[in-house]
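Taken from TrEMBL as is:
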DOMAIN    B:180-485  domain 'NADH:quinone oxidoreductase/Mrp antiporter transmembrane'
TRANSMEM  B:28-51  transmembrane segment
TRANSMEM  B:103-121  transmembrane segment
TRANSMEM  B:156-177  transmembrane segment
TRANSMEM  B:183-204  transmembrane segment
TRANSMEM  B:271-296  transmembrane segment
TRANSMEM  B:308-329  transmembrane segment
TRANSMEM  B:341-360  transmembrane segment
TRANSMEM  B:367-388  transmembrane segment
TRANSMEM  B:394-415  transmembrane segment
TRANSMEM  B:436-455  transmembrane segment
TRANSMEM  B:475-500  transmembrane segment
TRANSMEM  B:512-534  transmembrane segment
Amino acid sequence: MNPVNYLYLAALLFTIGAAGVLIRRNAIVVFMCVELMLNACNLAFVCFSRLHGNLDGQVIAFFTMVVAAAEVVVGLAIIVSLFRSRHSASVDDASLMKL
Amino acid sequence: MSSSAVHSLWTTAAEGKLDKIPAPHIEYAQLAPTLIVVGAAIVGILVEAFVPRRSRYYVQVFLSVVALAAAFAAVVGLAAGGYGTTKAHIAAMGAIAVDGPALFLQGTILLASIVAVFTFAERRLDPVAHGNKVDSFAAQAASVPGSDSEKAAVKAGFTTTEVFPLALFAISGMLVFPSANDLLTLFVALEVFSLPLYLLCALARRKRLMSQEAAVKYFLLGAFSSAFLLFGIALLYGYAGSVSYATIADVVSGSVQNVNPALAGTMGNDALLLIGGAMILMGLLFKVGAVPFHMWTPDVYQGAPTPVTGFMAAATKVAAFGALLRLLYVVLPGMSWDWRPVMWGVAIITMLGGAVVAITQTDIKRLLAYSSIAHAGFILAGVIATNADGISSVLFYLGAYSFVTIGAFAVVTLVRDAGGEATHLSKWAGLGRRSPLVAAVFAVFLLAFAGIPLTSGFSGKFAVFKAAAEGGAGALVVVGVVSSAVAAFFYIRVIVLMFFSEPKADGPTVAVPSPLTMTAIGVGVAVTLVLGVAPQYFLDLAHSAGVFVR
């Protein structure tokens with residue numbers, strides 16, 4: 001199978017994630033969409049790694065996983081603290097500073 | 001490449017003896033500034049775990065300031081050893097560049113961070129609560145605002161001393177960011193400095209709901225933009241087959257001739273280069289707060305604890321512009337015909353957008369946020385110059401701007417009423433009558449932002465616009481001067497409000513700070529005046545530092 005097809009899949013996943021960030025309203029779901037975008041990047045890295053025949057892309061995918069894990073820790077801490085004080089994780093409700 | 005050859009890359013014959021993997025060669029001495037800061041941050045975490053609560057604050061402040069000063073000394077040592085000029089080279093197996101711009105920006109970040117840590121450590125602004133001094137940060141970040149557990153934490157005198165290690169981690173990422181020499185290091189450094197900043201934004205003692213909201217907005221948008229950056233990196237990796245800056249630059253300029261025919265679909269594919277480059281630029285422009293990626297700036301600047309806002313506004317901008325400069329000047333000079341028009345557009349709408357929207361603001365922190373957007377536009381004008389003066393003028397501007405910003409936000413922390421900081425502009429009316437010194441200092445900072453002669457803002461703007469004009473961006477200079485004039489209007493309006501209107505009866509009080517904040521403000525005023533009156537030495541320094549290694 002042509003590996004370029006995986007690139008199309010990566011681009012598709014990235015687009016789905018980006019669209020999800022823009023249209024979903026729950027902070028947790030928005031965050032999951034960001035994770036989907038990061039995983040799409042991983043797929044692209046691994047696919048390019050296969051195409052080029054060097055291992056850089058696969059190593060970068062590991063780094064991305066670690067970064068994504070760290071991001072989950074920080075992000076969930078912030079979203080949970082917001083939820084506990086407002087009883088809502090909706091990004092639309094968080095509008096104290098709207099002009 | 002045949003599929004069996006590719007397969008042999010990650011499999012090995014069972015009977016063959018594996019060669020020893022050579023250990024990477026790391027120049028620890030040249031990475032000392034970053035390593036010192038990371039080490040101090042880790043020690044800071046241990047301090048949180050083992051030192052009694054009562055003495056943590058003193059230990060953390062001491063540790064942070066000593067580590068930052070030591071790191072700055074290391075930067076000066078490296079620069080004196082010629083690593084900024086003649087001995088500039090690429091360290092850590094190609095991951096980190098040790099050269100003039102990197103050292104200059106690292107020095108700027110470290111000095112600005114020392115001043116910012118002073119404002120973090122300020123504990124005299126709020127009245128003493130239950131016999132305990134309080135700082136700008138939440139007593140216990142995990143407790144729900146207004147709950148019993150929060151009251152209990154305040155009563156017990158808890159303080160979030162974790163802010164110091166968090167700030168140190170952020171600073172370590174910022175030190176690597178402008179010196180990153182491959183795209184993977186760039187991405188990791190971006191996350192290392194962003195994640196602690198998201199947390200710091202959520203830790204305000206007063207107005208905690210706003211603070212948490214700012215953190216959520218910053219986090220979600222920051223993660224969104226870094227995903228774009230990462231996908232851009234993936235595409236550039238596909239384009240060049242490497243994430244090293246030098247290799248990508250070679251492929252962009254077409255000096256690599258031996259393209260594997262099997263890779264004709266990806267390597268050297270212009271679609272990958274253009275889309276990938278645009279997405280990486282998007283990620284970096286988000287961090288510098290350029291229009292149209294600026295939407296987070298006003299909300300985050302307003303909601304975050306003011307010392308954090310000052311730190312973020314100064315140090316993040318320095319680090320992000322350093323990385324942007326290196327990317328455009330080292331990696332993508334071969335396609336400057338493609339990125340220059342885009343950056344022209346971004347610079348123009350950033351300068352005008354920031355200056356025009358700032359006019360309608362009624363909150364001093366939001367006003368400073370839009371002013372920082374406009375300043376990002378001015379710095380972008382220098383970036384677009386694509387000549388040697390472009391680099392040095394941007395370096396100088398960043399140095400001048402960061403101290404003014406920290407000083408201005410430090411003044412904002414002083415003007416208080418019962419609810420904490422009085423940030424609404426109407427509260428600032430007549431401040432000059434009530435406390436002339438604070439108002440005068442703030443006026444100096446505003447004049448520097450406006451770029452009035454004899455302040456650092458003027459020297460910086462002059463250098464940047466001169467470089468832009470010489471680089472063939474004359475129209476950009478005209479737009480810059482016009483938006484400077486627009487911006488001057490709202491800076492002067494605040495000065496008029498402070499000095500020429502009657503103070504209100506229920507107006508805010510001006511807190512008398514400890515020597516820590518006084519030092520921060522004093523350094524800001526001193527840098528503003530010195531760089532305004534006698535900028536030549538620092539311009540020469542920036543000029544001699546303004547050569548990238550590749």
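Just so you know, glycine gets a Cβ as well, placed from its N, Cα and C.
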Between the transmembrane segment (B:475-500) and the stretches B:28-51, B:271-296, B:308-329, B:341-360, B:394-415, the largest tally of CB pairs under 8 Å belongs to B:341-360
Is the number of Cβ-Cβ pairs under 8 Å between the transmembrane segment (B:394-415) and the transmembrane segment (B:156-177) three or more, considering only pairs separated by 6 or more positions? no
Paired segments the transmembrane segment (B:28-51) and the transmembrane segment (B:156-177) in contact, 3+ CB pairs under 8 A: yes
Tertiary contacts of the transmembrane segment (B:512-534) (same chain, 6+ residues out, Cβ under 8 Å): 115-116, 118-119, 121-125, 396, 399-400, 403-404, 406-408, 410-411, 413-414, 441, 444-445, 448, 453-460
Residues from the same chain, set at least six apart from the ends of the transmembrane segment (B:308-329), whose C-beta lies under 8 A from its own: 97, 101-102, 105, 108-109, 112-113, 116, 119-120, 163, 167, 170-171, 173-175, 177-181, 186, 189-190, 193, 197, 200-201, 203, 245, 280-281, 284-285, 287-289, 300-301, 336, 339, 343, 365, 368-369, 372, 375-376, 379, 383, 386, 391, 394, 398-399, 401-403, 405-406, 408-410, 548
